[in-house]
Amino acid sequence: MTSVWSEAIQHKDLKQWIQEVAELVTPKDIRICNGSDSEYVEIYGLMQQSGVAIPLNRDVHPNCFLVRSSPEDVARVEQFTFICTKEQKDAGPTNNWRDPEEMRQELHGLFRGCMRGRTLYVVPFCMGPLNSPFSLIGVEITDSPYVVCSMKIMTRMGEEVLKALGTSGSFHKCLHSVGVPLAPGEKDLAWPCNPQHMRIVHFQDDSSVMSFGSGYGGNALLGKKCVALRLASYIARSQGWLAEHMLIIGVTNPEGQKKYFAASFPSACGKTNLAMLKPKIPGWKVECVGDDIAWIRPGPDGRLYAVNPEFGFFGVAPGTSATTNPNALATCTSNSIFTNVALTPDGDVWWEGLTSQPPEGLIDWQGKPWKPGGAPAAHPNSRFTTPVQQCPVLDPQWNSPEGVPIEAMIFGGRRSETIPLVYEALSWQHGVTIGASMSSATTAASVGEQGKLRHDPFAMLPFCGYNMAHYFDHWLSFASNTSLKLPKIYGVNWFRKDKNGNFIWPGFSDNLRVLEWIFRRTNGEESIAKKTPIGYLPEESALNLEGLNLSTQALQDLLSVDVPGWLKEVANVREYCKIFGSDLPQAITDELFRIENELKIIK
């Protein structure tokens, strides 16, 4: 089996690893992926022949296809996601911990013979611009052609990565299988998966990933959450940088001044919408560097610089429309993969929110005729996978090896009460406390109950690869480096509701009005803010509200300090932080006491 494929691999350790894996999983053949367009077309063709991929109408969506997953494999599975470290305390209370050696033994049992009857694909990939100091190279071994096609879109993948790796470069070993071996002559499932034995496992001792049983996005595209966040956050701590669940945008004002912001929101809370925002206010421009992950390093001038390590967008489809995100729709017009959306009779895609009325004759995400009034036609976590270069508002510096300088960091969540529209941290320590205090109503991006409020510090709860309290400490440590020019930190909340349960703020493109205030604050405008215990809030006259029909009461709700609500908030955060015990940094404890004491004074 070795002689045919090994000619493409010059790296001795990589060649040896592929051979070891092949002996364990016993595939029918091995293919080294070169990342070419012709390879993509060929593998997509194989998926089409087997019934996995449904080609879409070429007049509407050229070179696009639809894939339907198993109903048992539709989202991230946090309960089956593990961090393996030598000591349990290094994983911390927010991660599922397992002993690395015990877990390796268990996984070797699961992987033994698991690719029988399937092709083993070797997918070399790079997270971050090639030959950038930011970048990490990985190699994913998988038996899923869907993963190969998705990795072609989501990462820099193939021959150019092998060339950059050379004969001795370091790489992250990422092993994936759907976990369904095939007997000779056995017909394959449309979406093979093994939900009873799902495992997504991160080994921090050798910076590797093993994923078994799921073919869904974040569980199977191992460059994304697994390498770019769970492994990278662990590496970043030891090397003095940050790997964050953040979008990156460039914002230009009417005078031509440009600033870059990074913003952190839990999954399905509007990151992609903000990253591709189409301003209503004349003269302003927002350009997208990335919509999901940011790697942030101190630059030679003391500023923090960020890159988007990804090469594509993996966006939530429901709710995306010409009104909410026209740029996202334009991005995924061609060369894209749609997963678990509905299909129209003329070969187009549809999902809830795309149009006000569903077209007739829809086939739902499970391949069944759909009738209005029942279950959604598209799964709530249905996705589009699309190349970043197709984004009409892509920032010119999106692929810069040095990254872009960040002047503001923004933290937000889905909160119906208490949290104001926007507020600025009083200090870096306070800003870290804002990030650590984040909570949000849960969404369909992960398996579990939706709409329940859960704490999600820095929107990293599912993605931090080590003890979250140590992660807070790492953030705080940046303030002790006096050579750094740290960005200002902000909290935002687009999701406040009135007493009737209606959203107060229009959101979407109108969020630029908040970005405009942040922009002015980073320019040092003092008079547009008032100091409060929770941070600097906008003066009501400082927000550009032209064209909005906001009542005085609505504006007051958005921009005032709800003292009883905030006292409850502080108590709630303090109670949550008990899970970290003595590992919780004293600075966060002190900041919570400061906020509480100052609130009691104005009460």
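Every residue gets a Cβ built from N, Cα and C, even glycine.
What Swiss-Prot records for the Mn(2+) site is Lys225, His245, and among Asp143, Asp292, Asp301, Asp346 the residue it adds there is Asp292. The annotation in Swiss-Prot ties Arg76, Tyr216, Gly217, Gly218, Asn381, Ser382, Arg383 to substrate, and of the candidates under consideration, Ser168, Ser267, Ser334, the one tied to the same site is Ser267. Candidates Ser267, Asn381, Ser382, Phe508 (binding-site residues) were compared with His245 (Mn(2+) binding site); those inside 10 Å Cα-Cα are Ser267.
If you count neighbouring Cβ atoms within 10 Å for each of the binding-site residues Asp292, Asp510, the highest count belongs to Asp292. Spacing of Thr272 (GTP binding site) relative to Tyr216 (substrate binding site) is 19 Å (Cα to Cα, whole number).
Cα separation, Ser382 (substrate binding site) to Asp510 (GTP binding site), rounded: 26 Å. For the pair Asp292 (Mn(2+) binding site) and Phe508 (GTP binding site), the C-alpha distance works out to 17 angstrom. Arg383 (substrate binding site) carries a strand DSSP state (E or B).
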